[in-house]
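The next block holds one structure in the form of structure tokens; read it before the comments.
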């Protein structure tokens, strides 16, 4: 086992504090509308330019092991805030830095660290309650657009696109962010259910100009098996031909003789057919087939429940207003499934989301809900260069997380104002002893730090602006973009309650642990390898230097 280096008391805390400040100082330059960028060097390719706090934090590793421990703990604050609300990482870092700095001053002055922590925790619990009271629901498109704009660093186009996307696919819909091909940001909305499986044969194409298959009011046959024998399909094909409607077959696979016969029938115009593979694999495929069945009002033909393909009739098939199939995707528009059945299925999947343990499963289940309930919107980010594209994409993703958080828990006045107001409400809060009261004061003073940092980044004097904001009331605050005072809600400067709450809770949690640190242990740096010349026996080798 490697030898350890151990530091106690003030020695340990000073080193840790230095690490905290290095990381926090790098992150906090990005806060607010006039925050600057940070350039991150990459081992290959162009450097990354970002204004995203957590991206900066993740890049920082310090040489000194003790300082690095401090930096890593603050990194944890940013990561946790990012995981919980998807935004507010810089605010969380600024709060943590302030609590740690003020808290360690109090420890150095002889206060009891455990009581300080209890005081900080008490103040944060009270602050979260007050934040919830200040919170107003965020339901209309205008408020959603404002939240998106603020989170995307005052980029109004992004805010409006996110609001439009939420309007189109609903609050529960899936909105994904992709790299676009042009200079402009675009929004693509896919209504209906779309899955990533295209036609099994190009001979099914009936719209050569778009290279797609379009079926109007088709019957939809869903089979949880491979179909290779045409005899299994004949009864279905005859019934559909009599009904005079097209047919879409969604099965595990359609191959060999069965596929060839379908192609021949289509080309001769006997019956309009298209076949696609079922989406997903294994159990997920079964579940997605069932989703399509619920959406279209059909039944999945599965041998597991004793159903045979030969005996399937028109009553077992789903129907939709229209189906569009391209090389890679199939979109089912306006399925004829019953509303009650669809909402029941959505509720069932939501329950599975709550029980899911992995993020991947949760994401896939969320996609299924969206496909059943709303639709899917794709935000395509436009930029002139790849470096700008990466930076902008990260900002758009942040803005999207922020708007989701706003819809979930509402919004409060932005620009650091909500925390200043909350701190003012808690001036009468008291702990069980004087040390706890100091802890409460530490937390309340830290709540001003985001506002101070926003003002500082805008090149103004933090104390002057903070006092002016404190003298006001309600949503009165300072707009760093235009350098004027007024109602933050009217300015359209809103922060999601969830983002502000998460930032405060995680900052206080980690900062409290750092204040109560008394000892730090790390591996000793490995010394240089011992010089072979010092071994005695090989000393005579020194004379070989002349042979070079």
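Placement of Cβ uses the backbone N, Cα and C atoms for every residue, glycine included.
As the structure is a computational prediction, the values presented were derived from the model and not from experiment.
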Of the candidates 159, 170, 415, which one does Swiss-Prot list alongside 30, 31, 32, 33, 51, 87, 88, 89, 90, 91, 495 as binding ATP?
415
Number of other Cβ atoms within 10 Å of the Cβ of residue 415 (ATP binding site) across all protein chains:
26
Give the residue from the binding-site residues 30, 90 that has the most other Cβ atoms within 10 Å of its Cβ, counting over every protein chain displayed.
90
If one looks at the chain holding residue 32 (ATP binding site), which residues at least 6 apart in sequence have a CB under 8 angstroms from its CB?
415, 453, 454, 455, 457, 458, 480
For residue 51 (ATP binding site), write down the residues of its own chain that are at least 6 apart in sequence and whose Cβ falls under 8 Å from its Cβ; none is a fine answer.
30, 35, 36, 37, 38, 153, 391, 395
